[in-house]
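First the structure, in the form of structure tokens, and then the observations on it.
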Amino acid sequence: MGRVRKIAKNTTFLMISQIISYIFTFFITMYAARYFGANIFGIWSIALSITGIIGIFADLGMSTLMVREISRNLSARDKYISNIFLIKIILSILTLGLIIIITNIIGYSEIVKNVIYIVTVSVIIGSFSGVLGAIFQANEKMEYISLSTILSSVIVLLGTVIMIHYNLSIIFFAFINVVSAGLISAYILFKYVQNFPLPEPRIDLSFWKPIIKESWPFGITALSGMLYNYIDSIMLSVVQGAEVVGWYSAAYRLMLILLFIPNAINMAIFPVMSQFYTSSKNSLKLMNEKYFKYMIIIGVPMGVGVTILADKIILTIFGLGYSQSIIALQILIWTIILTFAGAPFVQLLQSINKQYIITKISIISAATNILLNLFLIPLFSYIGASFATLIAAIFSTGYIFLVTYKFGYGIQYKTIMDDLSKILFATLIISIFILYFKDLNLFLLVIMATLLYLIIIYIFGCIDEVDIMLLKQLRR
């Protein structure tokens, strides 16, 4: 059970850092949205969307490849660092050029283009620090990644407070991200030198081809994911304008904040799942089953609770200027349930060298989302974009389930129904509780409903003997 304790340590570090980071991100989003108003906040969302999509070309999945390969063969560290760092220099130049071309083709205003260019610089800096970050992840030293995540959020939050206090513009807000990326890169480099010998230059141009061949499926998957997440904001900006993007993004970014849970677990267990694939298939399958179960336990009540409380959530966080965001949040939150449910299987397929399947599913899902947006946005604006995202999520999650069953890693139907029936009943009870006490303070109501839910699932036996055994190992 040494592996369990190692996973527990890493998951704890990452979960704590993600929680702290997302709390800061929550306040950054809230303060920025209220300070800017829907129109300027929409410009910021457009910049994040454009750079999020195009910025993938600065990495092309190489950081993920490094984690997988170096976790299996630590001696390959220097070779990967030297060659991937050099490749990224070329990719970064191409990425910046592509950003300039696309923003001018779309015809954004000068203020939008300037914000996009500045944010692009921060993305490129982050791409280089990701090379060394991948080494920490491959060696399961998650505490350094965790601290860098927290520091980044603290820097941006402090910058946001300064911006509001001195009544500064969105350009200053964009520069905050560049400063944050630079300081975090310096921290990662400092910690790398403390923990590892400086990499010996081992440039091997013949090694570039296998690197690109193995990494591009990860890159395409990431690109498809970014297209899936952000293309709607770009399309809304062209068809409807920045203010509508602001309404939509307020709801969407709240939803994205909730993804810290699977993101933290994914980072912690990816190296371990990759090792289990070559050492213990049964352990890999058990880990996947438990991961799925915990995601359902968290995701289902979260989706239902947010749907009921969407009006209180939006008005409390963003104010009356974002009342149009309520219905978008009620639709988009259901993608969380699907994302939580599919996360274990995505990680599983990547760990068993089936990333090309995830790539295929991601491409189809992104294409589906784009086609639906082309049809629904002109008719229903941001509400249409919300439904497009949900429909695409239903498709991709269902496809992932089918594929993993084919490879023998699917969850047994009886197991799913036993757990799901208990979870749904517990969710029904807390839904009634929330509706009855909806006039209470939002934060108090959420805490009370969460405690009630935990008590109910414990009484119903959603946590079995294996779960208890694992929890005991985690405490050690």
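Here the Cβ of each residue, glycine as well, is placed from N, Cα and C on the backbone.
Just so it is clear, the model here is predicted, and its values are computed rather than measured.
Residues or ranges marked as transmembrane segment by TrEMBL: 12-33, 39-62, 83-109, 144-164, 170-190, 211-231, 251-273, 294-320, 326-349, 387-408, 420-437, 443-463 (among others).
For the transmembrane segment (39-62), the residues of the chain that approach it from at least six positions outside its boundaries are 32-33, 84, 87-88, 91-92, 94-95, 98-99, 102-103, 108, 111-112, 115-116, 119-120, 123-124, 127, 130-131, 170, 173-174, 211-212, 215-223, 226-227, 229-231, 233-234, 237, 241-250, 253, judged by C-beta separation under 8 angstroms. Counting residues 6+ beyond its ends, the transmembrane segment (387-408) has Cβ neighbours under 8 Å at 228, 232, 285, 331-332, 334-335, 338-339, 341-342, 345-346, 348-349, 352, 354, 357-358, 361-362, 364-366, 368-369, 372-373, 376-377, 380 in the same chain. As a quick check, the transmembrane segment (443-463) and the transmembrane segment (294-320) clear the bar of 3 or more Cβ pairs under 8 A, pairs 6 or more apart, so the two touch. Through the fold, the transmembrane segment (12-33) approaches residues 41, 44, 142-143, 145-147, 149-150, 152-154, 156-157, 160-161, 164, 173, 246, 250, 253-254, 257, 260-261, 263-265, 267-268, 317-318, 322 of its own chain, all at least 6 residues removed from its boundaries and within a Cβ separation under 8 Å.
Counting Cβ pairs under 8 Å to the transmembrane segment (170-190), the top-ranked stretch among 144-164, 211-231, 294-320, 326-349 is 144-164. Sequence-distant contacts of the transmembrane segment (294-320) (same chain, at least 6 residues past either end, Cβ-Cβ under 8 Å): 26, 30, 33-34, 250-251, 254, 258, 261-262, 326-327, 329-330, 333-334, 336-337, 339-341, 343-344, 419-420, 423-424, 426-427, 430-431, 434-435, 438, 442, 445-446, 449, 453, 457, 462. Beyond its flanks by at least six residues, the transmembrane segment (144-164) meets 13-14, 16-18, 20-21, 24-25, 27-28, 31-32, 35, 129, 133, 136-137, 172-173, 176-177, 179-181, 183-184, 187-188, 191, 195, 267 of its own chain at Cβ-Cβ distances under 8 Å. Below 8 angstroms of C-beta separation, residues 247-248, 250-252, 254-255, 258-259, 261-262, 265-266, 269-270, 273, 284, 288, 291-292, 295-296, 298-300, 302-303, 306-307, 310-311, 313-315, 355, 357-358, 382-383, 385-387, 389-390, 393-394, 396-397, 400-401, 403-404, 407, 409 of the same chain, each at least six residues beyond the ends of the transmembrane segment (326-349), sit close to that stretch.
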